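Inspection log for the structure reproduced underneath, given as structure tokens.
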Amino acid sequence: SKLAALFKHPLYKIPIPEVTEKDKLFIVNPMEKFSLHSSGSDKWVSSSKAETLLPTGKTAYDTYPTWLKFHVGINRYELYPRQDPLLPTLLRDLATQRIVSSVQKSGGTQLKLIMTFPNYGQALFKPMKQTRDQETPIDFFYFSDFERHNAEIAAFHLDRILDFRRIPPVSGRLVNITKEIWDVTTDKKLAKTFFISPAGNVCFYGECSYYCSTEHALCGKPDRLEGSMAALLPDKTLAKRRSWRSPWRRSYHKSKKAEWELNPNYCAQVRETPPYDRGHRLLDLIDMTILDFLMGNMDRHHYETFEKFGNDTFLLHLDNGRGFGTHSRDEPSILAPLQQCCSIKKSTYLRLQLLATQPYRLSDLLREALAADPLAPVLAEPHLRALDRRLGKVLAAVGHCLAR
């Protein structure tokens, strides 16, 4: 396994700083147990009311479902640890746990659903909108592109291979539209959009700003539909997040250009603007730029951080559905922050060099990681080959900076 060898490499063993209580997203009461009244109940009982005793040697933490352990493990430096024993279980839960509720997520331009499991875990479901080998048409603007379920799955694994670990875990899943969405939804607006197509397939389209109409309905075969299931982050009422506008945001206009596209010295003014004037925020943004260039994602207008940790923390790489749309061409403008600032973390640069070598070839690693997903093959081969080509271009960009 190339993947197992990669995670044993010294570059993937660089320790994070010591995590103190103030560096944890949540301070956990060690006596608080998680238990359900009964299999048919939706009540979460706290330790003061729970009547059952824990088996000998077990702690209250052992009663937590995997999604809650994931939330409790988040700290200032990482969303989840490198050698996280929870990850395989969490991915399996996302792919197999019974869905007890399904409602449309508000906001956003395209249809997304929030799925709830019997143990209160929740996942964000993005349905399949196009096949693996369909490329984004060359005349499409980035902001009118489809969001792809397989891009969300591939982005999670790519982010982990790059050792960023800033995307919540995502698994593919084959969903039964009738039993797992239509029959269990309490969302009246969503319920009104279900219909049976002339071919006898179950379809729905929801309500959103784009692609929510009968013409863009999502249809099963006859009621089976692929999608990505992403573990939800803790509720914003429990862990506030701050949204930051990216300095290299595109204009989202058909003819206007953004300032960074017109001013080659744009980075100088970014470096003088908080929070990019100190700490590692700018370097973290350049990490995100590299991830986006590798998967061809032009749609990174905002990013988020956990408010509790202030400016000294990692960036969350959320919403990656517009990645992996094209393999036959690359978008050099995505690399503008790297090229204009000529800055990169040494650890990131060393890992990128490693991923360009034969024993750890990036395309081979991602192919191996995605082979375990329930929807494998997740990416068409040309997308995997494009990763190696794009990695070469990132390393060339750093080479130009070093030469300057």
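Glycine too: its Cβ is placed from the backbone N, Cα and C atoms.
Automated prediction, rather than curation, is the source of TrEMBL annotations.
Marked as active site by TrEMBL: D299. Taken from TrEMBL, the feature ATP binding site covers Q110, K126, E147, A230, A231, L232, L233, E304, D319. Taken from TrEMBL, the feature Mn(2+) binding site applies to E147, D319. As annotated by TrEMBL, domain 'FAM20 C-terminal' applies to 194-403.
For D319 (ATP binding site), applying a Cβ distance below 8 Å and a minimum sequence separation of six or more within one chain yields D299.
Residues Q110, K126, E147, A230, A231, L232, L233, E304, D319, recorded as binding ATP, reach a greatest CA to CA spacing of 20 Å. For the binding-site residues listed here (A231, L233), the lowest count of other CB atoms within 10 A around the CB belongs to L233. Taking all protein chains in view, 19 other C-beta atoms sit within 10 angstroms of the C-beta of Q110 (ATP binding site). Model confidence over the domain 'FAM20 C-terminal' (194-403) stands at 95, taken as the mean pLDDT rounded to a whole number. Sequence-distant neighbours of E147 (ATP binding site) (same chain, 6+ apart, CB under 8 A from its CB) are Q110, K126, K129, G321, R322.
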